[in-house]
Every structure is written in structure tokens, then in C-alpha cells.
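What follows is a set of notes on a single structure, which appears directly below.
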Amino acid sequence: MAAEESNIDNGDRISKCSTYSSPFTFLPFILAGNHETDLPGPNVLPNDSPLHTVIRAHDSALLQKVLSERPWLINNGVDIPGDNGETPLHLACVLNDLEAVKILLAHGANPDRRRKCFHNLHPVHLAAAAGAIDVLTFFVEEWPRENNRKSSEMVAIVDSEGSTPLHWAVLRRWLHCVEFLLKHGARLDQPQTQGFRATPLSLACCQGLVGMLQPMLDISKPSFMRALELPDDEGLKPMHRAAVLNAMPVLEFLVENGADVNIRDVQGRTPIMMASSAEAWAVVKFLALNGGDPFQPDRLGRTSIHYGAIYGTFPTPEENIIIQDKTISEKLTQSIDRKDKLGFTALHYAAAHGHAEVFNRLIACKADWTIKSDDRKSVLHFAAECGTLPLVQRLLANADLFIMVNDTDANGDSPLTLAVNHGYTGIVELLISKGALTFRDLKGRTCLHSAAARGYCDIIGLVYLQFPKILDYVDINGDSALHVAALHNSASSISCLMSKGAKFLFNNQKRTAIDIVIAEKNTMAALAFVRHDRWREVMAEPSEVYGSVGLGLTRYLPDVMKVVMDRCVTTSPLSTLDKDFYVLYDFSIIEPQNSEDVVIRSQRRSKKLLKEIARLHRPGLTVHPLSRALLDRKWRLYGMFAYNTIFTSYLVFLAMLSYVVISTTYYHLTHQIVMRSYRNIRNFSHESSQSPAFQTLLNESYRIYARSEEYRPSWQACSVIILCIMTILGVKEGLEFYSKGWRYFLDVVNYLEIFTCACCVTYIGSLLFELTQNVELPLTGQMGALTIFLAWFNLLRYCQPYGVIGIYAVMFFSVLKTLIKVAVFFFILLAAFTVTFYQLIPCYLMPDNELYYILLQDAPKASDLMSAHFNIWSSGLRIGAMTIGDMDTRNNFIDPFIYGKLPFPIMTYGIVVLFLLMMPILLNNLLTGLAVGDIKNTQENATEVCLKNQIEMHESVEQLIPERLNVQLREKLQSYKFYPNRRPSLLDRVTRLLSGNTGDVVISHFDEQELYRKRADEQQELAHLRIEVQQLKTRLSKRQAMALGSFIFEHQTALI
């Protein structure tokens, strides 16, 4: 081990030293191993192979020895890629090592292999880019001759962008390579196929390589002249590139050698236009003096003056050759106001782009600033739209331009309108001070509409201060500024307009601004409406779309409606513990009083606010203190009396029905059953019917039946009263159907009332028929049993509106609904096992077992063959009993299995096991889980469900109250002041007990709000702390990185 470590250390030392010495120093170490070796050094890249390292040493002998004597060293091939996909041949080309290139080719290197990079370069490209003239000469002259290739083919090889070796030589500025390639047929007019799409001549002009242009012209003049006409990817030609670059020597050379000074690019622009846009005034002067026309238009009709105005590069008088030359100056006077094909002059462009200095220079050149564009825009329009305040001030200072202040363009926009559209407050204020007026555009909108749509409150204030009457102007669609702000969800504009007194108008579609907000579901705009001081006006506005604003908010923006309801609950400024502390409830929003709303509600009877809240299942609104307080007030005013009357009536009905059922059973039905039994015994066992015991029973039955004559009048009277009460309850259910519509039949509980009424009417009718006609109807007893069960069961339904009691009734019916939902699934399993057991055990089998008969004390009877699954109905009943736990396994299955009484014992035993797994275990657990989950959900929503029941109850009661009395009740329900700290009366305590304690809810509501505020503050503080911690972590990590870097630097310095 020590020797190995010594060899390793020695090898490392030698390999390190070899980097700075002759390659023969480390040759023995390369040739001694049996694997590829990486030789570290300053010129060695991370992914280089030993072959790359040898080539970098520029030693051909070592390269030859490695390739000849140790082929294992290149077991991946002589074209093994190194860093950036560079093979040894590529590296040799870059290093201009011709001997290495020849050795590699002799050992099988692929001369056409490209480097794996974006450009996909060929060795010829690499040689041209590196200026390796020896290698380039070899690949263009010698190698093609030896391999039956053409030199023209080698100089025309392209990379992934279509660049030839000439492109790379020009790009890297290797003049000797450029001359060599041109002499061997390289083309100057060959553009790239991708990317910049430039020719070699264009690349030379872009770099200002004037020294490279002369050899290009001398060697390949035809190609040179053709290349002058070829555009690049941006449509510019070499003359244009040189003009933009301000490369005067290049331009001078091109012009001297016949280049057209007025040559056009793909957009029709001349070099003088490009030089003007680049502020190359010396180029402009040179081109103008050599025949360049500065007034020649491009395809858009723009001259160099237009481009100078667009780019803000119009020359000063000292730089302007156009002014200095009298001949050209005369053309300037004729061309400075020329319009392009879009209808704009240079002055328009200068104003539109905010170039104030260029604008002044054009004015100094006598440009006409009264000319309008083709769309009737003046210079002031462009300046106001651009937002250049100094330029607008300059224009308004001219006494001759006062007529432009209120000029309108083709769209009806004035300079003031354009400034408002972009929110330039300073310009708006200046224009208004100079007498600007507000005009309507083609759509009838004023500048106030534009400001409101964009939320420019400062501009709204300025415009309203000067023109207060335009606040409620409407456009062609009937929309005011408030409508537009609502449509664009501009909360700030809505608040500003409402503060200025904007009216709530209807547009042509009969919609107000708040209707638009609701339709578009613009929450921020809606909050701006309801949080403003005029929020009561907003909520009181009629709505043709939703019936009322509250209904629309409840349906589409419930969170906003909650804010409205929060504003309806206010408290006194006293402490919450003070005796005179009160909570004021304003019910005018959810229970409006004015007649217009009453008419609307009468037309939309299913759209009352509280009812809509309950129908749409808005928990936050249903349990809101305002809703609960209103229900409490309605309960005290009329609901408690009305429902107590109904509840008492039902109790009277239930008591009379119970009396009728119990008494008729004792005095009437029992006698009928005894007589039926006597007749059956007499027909089939006459001697038994004459027994003393049976005769005593018969006599007692006649005695009791004789007394029934005394109770018949009371039964008849009770039956009539029951029918009357059933009529009242039927009317109540009819009102609920009238209130709910077809949704009434979606509630399963409502069917209980319907079935109860139907069974009661059937039972009473059948009973009265028996009593009057002295006949026996089998239906009477059955309907009596069903009626009395449904009547008592229906009592649970009448308990739902009562506060605490109703919660348990709601929970019970919720579980019942769950059971009904799974009834189909439950029935499938019951049917499956019912039919199966009926098939397996229709009757027992008398066993073929002597022991059974020995143990049998009595003689075998026919009844021993009877099983619980004798017919399909008894089988179903038995399966139901087994499901709930009444298995009686020993008598039904174990003993019959032991004694051999089962017809199919093995199959029966297997089905019993399957039944035990599925029904008592899985199904019962499933139902229990559903019930528990449903109870938990019901407990969470019990208060909401009870309140919804109260809402529906009050709705039904209000249907019976005359409209005049309804109006009086609404007057009393406009507000309510509640004192939670005062001792309530006995009636209040009873009322709260039945309907829910409002006081506790109110105090808890405000406690929750305070708790939410504290939690929000804590969360905000926690967020700040997290940000600070993150910042500290970032600083700490930076300091650690700096400290680590400093340590590494010091350590390396110490090593050196």
C-alpha cells in the first residue's frame, strides 16, 4: 500500500510537472497505463482526452507514437469529442497544426465530422475562423486533390446558419484567409440561410472593415457588385448598414467604386434616411454632396425629414447641410410639410413622439404647424396625446393657434379628450385654463367618460370643477360616466363620481350602474358603491334586471352583500358592558318599505331577499346577525302567534286522532277481530267454538261493543274536527307550494305531510262509513294504524322552526334523507340475499339420521318442515331482521346443519358467511359512517337550516296576511334597537328560547369581528417578521459566500 501511494504521489507530481516541460517527459506515464489518463495543466480543458492534450503540446512525433503504439488509448476512436464537442482534428485545425491534421487523417479521423455545437462547424469553418491559413490551404487545395473533391466544394460548405468559411473569416477579420478563399471561388453574394442572413460583404460593412473591401473588389468584382444589392434579414443593404454605423471610410470606398447613393432597402428607405435617423450628419452631408436626395420618399411616403422627426434626430442649423446648401434649401421649403401615405407631416411626428427640440428646429425651418393630418388631427392633438407639457405650452403660447384648442379630429376627439384618455393631468389643467371645452365624440361620450373608465380621479375633479353639468351626460347607449366606471371596475372613479353627486340613471337597456357591476361581477366596483356614504341610495335603487339591488348582490356577489348587511348593524358609542349599550338593526335594505319596491316584489313573488338568501344557500348571509334579528322581530310580531296557532291546531288534531284511534280500537275494532275469529273457529272447529272459555270471551266482546254506541257521537264530532284541521293544514301546504314553486316537491319531508293528510282523510272517511252503515271494512284498521303513525311522526316536522328543539328535528330528518338516498343500494343487497335464501331453504329436509329421531321426543310434525324462508315475502322479512342483528344462528343454521336438515348445506353455509361479512359488518358500518358524517355536517349547519325553515314559515304566513296589514308590519320592521345588557322580560326569554338568543349572537358577532381584526394584525406582523428573517438569511448567506471566497483566495495565495 505504501508503495502504491508513493507511485501515485510520484505520478501526480510528474504529471503536474509535465505540464510545464516537454511532452516526452510525461510520455512514459501515458504509455504505461491501461486506461485513458487526464493530464492536468493550464491548457487542458475538463472534458479533454489525452489525445487532445498531446495535440495541445504541438508535438507531432508524440502524437504519431501514441496513435501507433498504444491504440487502447483511443478505444473510443480518433474522433473522440472533447470540450464543446471538439474532436482532436477540430483542435488541430484551430491550432493551425498541419502535421497533426495529417497524422489524424492518416489514422482514420473523419474530415467531414462537424463540431457538436449550435453552429455545427466543419473543420474548414474552424480553420477560417481561427485564421489557420496552413490548414485552410490544405483542406482547400491538397486534400480535395487527393480525395477526388473540388476546391469550390470546400469553400462553399455551410454551417447550420448557412455561413460559409468566408463568412467566418470576415467575421473574425482574417484578411489573408479572406483573400485566399476569394481566390479559390468563394462568393461575396452568398447570404446566410438563417439568423442575420447577411452576405460576407454586409458583414464587412457592419464592422467597418474598409481594408478588407479593396481585396474583395479586386478579386471578385462581379460578386462584389451583386452583393451590394442583397438585403439582410432586416431588409438593409451594405450601404444602409454603413450609413447606420456612421462608417464614413466604408461609404467613401463604396461610393467611389460605383455604389448607388440612393439605393433602397425593402421598405424603400435610402442610406441618407438611415443616416438621418442615426444622427450621422457627416454621412448625410457626404451622401447629399454625392447625389443623395434627402427628400426622396420611401414606400410609406416618408423622407429623411420624417425619420429625423420620428427618431428625434433632426440636425441643428450648424449640422444641417440642407440649410447650408441653397439649392437643397429650396427643396426643403417645398418638402418639409409633405405628408406621408398615413397623412402625417414631419411636424406631426415630432409632436406625436414628444421631440420638443426637433419640433423647434422644424419650426425654424418654416414648417407649417397649422396643417392637419388626414384624420383631422392638429399638432396640438399629437402633443396632447403624447403628453409633452413643454410642447403643449409652446403651442398654446402662440396667439395664432388658439383655434386649435377646441378643434376636433375625425373621431370627434379634442386635444382635451386625448390628454384625458392618457391621464396627463398637467396638460388637462393647462388646456382647461386656456379655454378648452368638452365635446362629445362619435359615440356621444365626453372626456369625463374616458377619465371615469381609466380611474383618473384628479382629472375627474378638474373637469367637474370647470364643467359641473356634464357629470350626468350620457352617450349614445345611455351610459353616464358612472355606468362606464362600473363597466371598467374602476372603484376610485365610482367613489369620486358619487362624491360629486352623480345620479343613478337607467341606460337604454334599463340598467343602472350597479346593475352593470352585478352583471359583470366587478367586486371592487361593487364594494366602492356599498362603502360610500350614499350606499343607502344605491341599495334603494329599483332594478329591472334583478328586482332589487339586494337580490342581485345576493345572487352574484354574496361577499359584497355581507358588507351591506354589516353596515346595517351599528352599535352605540358606549362600552359593550354599559347597561345602555345597544345594537341598531336597519332592516330597510332587506325589508324595503316604499310602494315601488312592493310592486316589484309582487311581480316577482319568488324573489324576496331573505327567501332568495335561503334558496341560494348563502350561509354567511343566512346566519348574519341582521337576518337573525329580522327573523326574531318577525317571530315576535306575528310569526310566533301564527305558528303557535298552527302547532296548537296540529296538537289538537293529534290528540283527537289518537282518541279516535284508541277508543275505536278498544270498542269497535277488537270486537270485529273477535267475531272474525269466532266465525273461523265455528267453520272449521265447531266444538272449540262452544267451549266455556271462548263463550266468556265472546260475551265480554259483545259487552264492550255495546258501549260503543255511547261514544259514536264523540267519534263523529272528532272526525269532523279532524277533517277541518286537515283542511287548514292542506291550505298551509298549498301556501308553501305557492311560495316555493316546484322546489316544494324536491324536499322529501314535504311528502310526509301529504301522505299524512291522505291517509287521515281515507281513514276518517272509512271509519264514518262503517259507523253510519254498520258494515266492516278491512281498510279501516290498516289505515288507522298508518295514519296514527304518520301523524305522530309528522309532529317532528312541526318542531323544526322552534330554536333549540328544531335542531334535533333537523338532524333526524337529515339522517333520514341519507337513508333514503342509500335505499336503492340497500334494496339490491336485500333482494339478492332474499332470493338466494329462498332458493336454498324453501323448507327443511327431514334428515337421514337415526340419532335425530332418537333425540326427537315427539313424533315428526309437518310444521318441522316449515322454514322462515317458506315464501319470498317471509324470506325478505327474515333477511331484514338478520341485517339488524336478529340472526338466531343456532336454530336457523347451526342445528339444521349438524342434523342434516339443510337441503344444500355447503352452499347455504357459504352464503351465510358471505351474508355475515357484507350485511351486518360492511353495510351497517357504511350506514353508520354516513350517518355520523351527515350528523356532523348537520350540526355545523343546523342553525342555518333552522333559520331557513323560519324564513319559509314567515313567507307562508305573509301570504295569508292582507296587503294593508303587511304594509303596517313593514313599517314596524324598518329598524330595531336591541339592548343586550338589559334584563329581558319573561316573554322575551321564552321567545328567545323558542327562536334562538339574538343577544348572544350579536355579542359573539362583534367579538368575532374583533378577533378577526387581531388575527389579521398578527398575521400581518408575522408576515413582516418572515420577510425580515428571509432578508437576514440572504445577508448571512452572502457574507458566508464572501468569507468562503476570501478564505479560498488566501489559501491559494499561500500555496503559490
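A Cβ is built for glycine as well, from the same backbone N, Cα and C atoms used for every other residue.
Automatic prediction, not curation, is the source of TrEMBL annotations.
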Range annotated as coiled coil - as stated in TrEMBL, picked from 140-167, 980-1007, 1008-1035: 1008-1035
Within-chain partners of the repeat 'ANK' (234-266) [C-beta distance under 8 Å, separation at least 6 from its ends]: 199, 201-202, 205-206, 208-210, 213-214, 217, 225, 227-228, 272, 274-275, 277-278, 280, 282-283, 286-287, 290-293, 296, 298
Per-state residue totals over the repeat 'ANK' (161-193) - DSSP helix, strand, coil: 16 helix, 0 strand, 17 coil
Residues from the same chain, set at least six apart from the ends of the transmembrane segment (641-662), whose C-beta lies under 8 A from its own: 715, 718-719, 721-722, 725-726, 728-729, 732, 760, 764, 767, 784, 787-788, 791-792, 794-795, 798, 801, 953, 957, 960
Segment proximity, the transmembrane segment (744-769) to the transmembrane segment (789-810), 3 or more C-beta pairs under 8 Å: yes
Helix, strand and coil counts within the repeat 'ANK' (84-116) (DSSP): 18 helix, 0 strand, 15 coil
Helix, strand and coil totals (DSSP H, G, I; E, B; other) for the repeat 'ANK' (411-436): 16 helix, 0 strand, 10 coil
